[in-house]
Amino acid sequence: MNSNAVIAIHGGAGTILRTSMSASAEADYHAALNAVLSAGQRVLAEGGSALDAVSEAVRLLEDCALFNAGHGAVYTAAGTHELDAAIMDGRTLDAGAICCVKRVRNPVLAARLVLERSDHVLFAGEGAEAFAAAQGLEFVDNSYFDTDARYRQWQVAREQQRPMLDHDAATLASAASNVNEPTPHEPIDPNRKFGTVGAVALDRHGHLAAATSTGGVTNKQVGRVGDTPLIGAGCYADDATCAVSTTGSGEMFMRMVAAYDVAAQMAYRQVSLEEAAHDVVMNRLPKIDGRGGLVAVDVHGNVTLPFNTEGMYRGFARLGEAPVTAIYR
Ligand code: ASP
């Protein structure tokens, strides 16, 4: 039995400033992270698999309105919610993911069923929902994901985007060549935080797993899919190297194949988990304005939680030890 079993989680990264957070909001985040870590720790303590621990942790994070996944997901430009999730088993390299679902209460559970009960890795939209329904998963109305806080964020994002929406394609193209104008690739609201959730774990049997779930980014175009459900970008696990779950500006994490790059650097450059993760988050992503962070664990139980933003909701828990949670740098 591996005595280094550990679970690490994140609840998103971004402009999370001490000065803009009330003491009670801060306490709520710590309490939520602690509760999720304790649940994951219990699964591992009972000899459960890393896959079970990350599924349970992400399911709980999805059900918590504080985070942008499941209930509490951000709004699309159409005022709806579209959810993405992925999960990967480091023991077998089996993976499952779903994207653009609107009515599956817990997207991570759908991803898990894709992993376990289908011949495929990724289902999208209606097909993903048909698969989840056939598996007997719980469905909810899209309004179940509504929260007042995300609604307000959406209103702010819409206001900031209005000038861009008024441009036609030609004007956008010329704005993109003017350094003083926002380009279409810039975040709608540079101050927004990325609230995706994720978990990585090493179990007592020495196996790794990772899971990630998100509502995406506020005011995203309908049909937009980010890094979260893409194996290798937002989620990756391989017993030979590490398990990784990311959060941040999804387009950049996709272009960097960020989660896999951590594993690849460990395999090909033979560097430590910490060094590989640091390089991806602090050196490589910033080169293309990639903002965010990740949580990662290796087979020895090393944990790293780097981010290049002001804060990231995060924590880890080792067996028999109190969970450690943090928000700011
Ligand atoms: N990476 C997510 C996405 O682009 C957003 C986030 O991490 O909050 O969909």
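Here the Cβ of each residue, glycine as well, is placed from N, Cα and C on the backbone.
As the structure is a computational prediction, the values presented were derived from the model and not from experiment.
Sequence annotations record features per position, and here TrEMBL assigns active site, nucleophile to T196. Of all Cβ atoms in the protein chains displayed, 34 besides its own lie within 10 Å of the Cβ of T196 (active site, nucleophile).
Summarising the annotation, TrEMBL assigns substrate binding site to R224, V225, G226, D227, T247, G248, S249, G250. Within 10 Å of the Cβ of G226 (substrate binding site) there are 25 other Cβ atoms, across all protein chains.
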Q: Spatially speaking, which of the binding-site residues R224, V225, G248, S249, G250 is closest to T196 (active site, nucleophile)? Use C-alpha to C-alpha, please.
A: G248
Q: May I ask which of the binding-site residues R224, V225, G248 have a CB within less than 6 Å of any atom of ligand 1, listed in sequence order?
A: G248
Q | For G250 (substrate binding site): intrachain residues, at least 6 apart, with Cβ closer than 8 Å | A | T214, G216, V217, G226, D227, T228, A233, G234
Q | In three-state DSSP terms, the structure that V225 (substrate binding site) belongs to | A | coil
